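S.K.: Here it is, the structure, as structure tokens.
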Amino acid sequence: MAKLHITTWGCQMNEYDSSKMADLLNSTHGLELTDKPEEADVLLLNTCSIREKAQEKVFSQLGRWKNWKKDKPDLIIGVGGCVASQEGEHIRDRAPFVDIVFGPQTLHRLPEMINKIRGGDRAIVDISFPEIEKFDRLPEPRAEGPTAFVSIMEGCNKYCSFCVVPYTRGEEVSRPVDDVLFEIAQLAEQGVREVNLLGQNVNAYRGETFDGGICTFAELLRLVAAIDGIDRVRYTTSHPIEFTDDIIEVYRDTPELVSFLHLPIQSGADRVLTMMKRNHTALEYKAIIRKLREVRPNIQISSDFIVGFPGETAEDFEQTMKVIEQVNFDMSFSFIYSARPGTPAADLPDDISEEEKKARLARLQQRINHQAMQFSRAMLGTEQRVLVEGPSKKDIMELTGRTENNRIVNFQGTPDMIGKFVDIKITDVYTNSLRGEVVRTEDEMGLRVVESAASVIARTRKEDDLGVGKYVVNL
């Protein structure tokens with residue numbers, strides 16, 4: 001059987017895209033996924049342009065693959081993702097042995113591209129933005145365990161001064177709500193218990209309904225939570241300026257929505273936030289967190305931070321450290337600023353030394369790690385509901401799973417627990433994981449069973465006095 005290897009860099013959206021590519025090419029060309037690139041007949045590199053020197057990293061990887069192409073002339077090499085979208089034809093200028101260059105919105109065309117290359121075409125570059133067509137042509141979802149990612153939208157309209165996403169993935173496009181619910185219902189039928197809704201800015205979701213109306217993100221969350229079998233709902237990533245009160249209300253009345261939120265602030269200094277074009281202040285961000293904790297007192301927050309943004313002063317950084325303490329972040333993805341070509345911030349003078357940037361990053365991460373450990377220690381002796389994912393990586397005789405607040409828990413259990421929930425008493429706390437003992441299995445929990453996605457959709461379809469259909473969410 002012909003084999004496919006995909007190297008994936010970057011965000012969860014890229015991981016989702018790579019899984020869809022693998023499923024698609026398996027169904028159309030019978031390509032079997034392999035983790036050994038030297039065995040592959042098709043090599044795909046799914047790239048990320050967020051970090052510094054992303055382009056050079058791509059060409060370095062392609063250089064290693066070039067030699068395999070000499071030994072195997074029929075080997076097809078493709079480059080996708082955000083660097084492909086940014087660089088386009090330039091990739092083939094520097095690496096003419098690359099057969100296919102495709103963007104995040106054209107991965108669904110890979111079967112046709114491969115057929116054309118096998119039919120004698122020299123090379124194909126397709127980095128267009130065909131909007132929702134991508135989702136219409138992907139294969140049915142396939143569960144790989146009790147958790148799954150589901151893309152609900154793509155792109156971003158915010159144009160933060162440091163970010164390439166609007167240029168590489170396009171502007172915001174939301175999937176129709178029925179399509180999202182149907183995909184999640186299919187996954188639930190395959191045993192998925194937790195879904196993570198994906199998008200560059202999920203709270204901007206505005207999906208079309210069956211009657212031509214619009215479903216907001218808050219409404220979508222309630223609909224997803226009502227699907228039979230789905231007992232946990234997560235989402236990533238969101239933007240503070242669209243974190244509206246209706247979303248906060250979902251935290252009040254929807255227990256399936258986890259008490260853990262990733263809401264990036266990037267900086268705690270208003271001056272820096274203005275230069276970043278974030279369109280909110282630190283006070284406005286903290287107001288969102290305050291309202292969230294009024295309805296979910298135990299919610300834990302993670303964030304992204306950019307350290308050393310052009311013009312960031314020592315006082316600006318102290319403001320960031322102050323916000324970290326005030327919000328009491330649990331986790332963070334924090335990076336030293338690196339200019340992305342084509343973004344407005346790339347034209348700003350980089351006036352901070354590398355030594356200072358590294359010192360600030362180390363101090364920030366140390367503070368976040370300290371706070372995270374405090375949260376973990378507070379869990380000692382408590383009972384935590386854990387979704388069992390499979391054997392532990394540290395000891396195959398044990399099981400591992402995750403808590404609602406994303407902590408890894410290792411424990412002794414039986415194989416029939418995999419894919420189900422167990423209540424664990426936490427007995428030990430480590431830097432990157434917890435350990436505990438089973439006190440309750442899922443059969444003893446009495447988890448609710450509501451209804452299928454189809455019945456949710458049918459129940460929310462209403463008509464007005466004129467007999468015109470309208471979409472009502474009343475769960």
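A Cβ is built for glycine as well, from the same backbone N, Cα and C atoms used for every other residue.
Annotated [4Fe-4S] cluster 1 binding site per Swiss-Prot: Cys11, Cys48, Cys82, in sequence order, evidence recorded as sequence analysis. According to Swiss-Prot, the [4Fe-4S] cluster 2 binding site annotation covers Cys156, Cys160, Cys163. Annotation comment: Swiss-Prot describes 2-119 as domain 'MTTase N-terminal'. If you look up Swiss-Prot, you'll see 142-374 marked as domain 'Radical SAM core', on the strength of sequence analysis. The domain 'TRAM' annotation in Swiss-Prot covers 377-440.
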S.K.: Please report the Cα separation of Cys156 ([4Fe-4S] cluster 2 binding site) and Cys82 ([4Fe-4S] cluster 1 binding site) in Å, rounded to an integer.
M.R.: 13
S.K.: Helix, strand, coil: count each for the residues of the domain 'TRAM' (377-440), based on DSSP.
M.R.: 5 helix, 33 strand, 26 coil
S.K.: For each of Cys48, Cys82, Cys160, Cys163, count the other CB atoms within 10 A of its CB; which of these binding-site residues has the top count?
M.R.: Cys82
S.K.: According to DSSP, folded down to helix, strand and coil, what is Cys163 ([4Fe-4S] cluster 2 binding site)?
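M.R.: It is coil.
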S.K.: Three states by DSSP: which one describes Cys82 ([4Fe-4S] cluster 1 binding site)?
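M.R.: DSSP call for Cys82 ([4Fe-4S] cluster 1 binding site): helix.
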S.K.: To the nearest whole angstrom, what is the C-alpha distance linking Cys11 ([4Fe-4S] cluster 1 binding site) and Cys163 ([4Fe-4S] cluster 2 binding site)?
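M.R.: About 14 Å separate the Cα atoms of these two residues.
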S.K.: Can you tell which of Cys11, Cys156 has the most other C-beta atoms within 10 Å, given these are the binding-site residues?
M.R.: Cys156
S.K.: Do me a favour and check the Cα-Cα span between Cys82 ([4Fe-4S] cluster 1 binding site) and Cys163 ([4Fe-4S] cluster 2 binding site); whole Å is fine.
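M.R.: About 12 Å separate the Cα atoms of these two residues.
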S.K.: Counting by DSSP, what is the helix, strand and coil composition of the domain 'MTTase N-terminal' (2-119)?
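M.R.: Counting residues by DSSP class gives 64 helix, 22 strand, 32 coil.
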S.K.: Could you give the Cα-Cα distance between Cys163 ([4Fe-4S] cluster 2 binding site) and Cys48 ([4Fe-4S] cluster 1 binding site), in whole Å?
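M.R.: Computed Cα spacing between Cys163 ([4Fe-4S] cluster 2 binding site) and Cys48 ([4Fe-4S] cluster 1 binding site) is 12 Å.
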S.K.: Just the number: how many Å between the Cα atoms of Cys48 ([4Fe-4S] cluster 1 binding site) and Cys160 ([4Fe-4S] cluster 2 binding site)?
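M.R.: Distance between the two Cα atoms comes out at 17 Å.
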S.K.: Averaging the per-residue pLDDT over the domain 'MTTase N-terminal' (2-119), what integer do you get?
M.R.: 90
